[in-house]
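The block underneath contains the structure these notes are about, expressed in structure tokens.
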Amino acid sequence: MIVVASPAVVREIMRRHGISPRKSLGQNFLIDLNIIDKIIKAADLTPADLVVEIGPGLGALTARAAARAGKVLAVEVDRGLLPALAEVLEGAGNVEIIRGDALDVDFDRLAGEKTDGAFGRGGKKYKLLANLPYYLTGPLLLRLLLERFNFALMVVMVQLEVAFRLTASPGTADYGALSVAVQYFTEPKVLFRVPRTVFYPPPGVDSAVVRLALRPAPAVTVRNEDVFFQVVRAAFGFRRKTLLNSLAASGLGPGREAWLEVLKRAGIDPQRRGETLSLSEFASIADSFLDAGGQ
């Protein structure tokens, strides 16, 4: 295997394969082994683990994960990177490279197929590692959570501002629908900040590594999860409006007067704003909406 730990190594690999970093895919390759080893430590990998890595790039993190885990499935969307990735990981017999878009891949099915059913839906939980570009972070995390893929934890690199959103508290500027979804399903923790200088090419912003440990059960109990998230999205749809106006304008439910009654039943002031509500308050609104005949 090739140790990808400097700009010179990245440039040489790309020169040999006639490729260059694609800005449209957010390709900034992590080249600091100290940071990589901290990510591996955070994932607490053992030979019993299956790791699914999303966006392996040139394989710097993949190689380190392969040294600890039983098997690594590296899912890469960029077909042009695959020969370079294969070269870097040559000799790593427990790594399998899969060309695929993380927004489409059925990770549970993939895990099951590659482990004869030992992992994935109906099997053991696996671990996810990812260095996520900004454009992909929200949609992918929501998909992974809402589709209930059978992972035990995720350790992800995200832009620093996104890390703040994942862990934000009600009443703060960073708190939003993504915060609610992540905190509903997982216990998120920002582990450490990552300067832009440890990537090649360096991005325009700093990043952070976040650990998302799946909760044994969601943070709050709701009668209908789909309705809960519909209410959350509606409440954050118009951040400058009051909660009542946001819900009434969302198209969800029969109208303003009905929403006023729903909020009254839930014990929520209609003049509040969505970003001030806790998960339990969103749950109360969703259940009250169902009591009023919503669906």
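Placement of Cβ uses the backbone N, Cα and C atoms for every residue, glycine included.
Residues annotated as S-adenosyl-L-methionine binding site in Swiss-Prot, with sequence analysis given as evidence: N28, L30, G55, E76, D101, N131. Cβ environment of N131 (S-adenosyl-L-methionine binding site): L30, G55, G57, L61, V156, M157 lie under 8 Å away, each six or more residues apart in the same chain.
Applying an 8 A CB threshold to same-chain residues 6+ apart, the list for N28 (S-adenosyl-L-methionine binding site) reads P21, P133, F199, Y200, P201, P202, P203. Here the binding residues for S-adenosyl-L-methionine are N28, L30, G55, E76, D101, N131. Their largest Cα to Cα distance works out to 20 Å.
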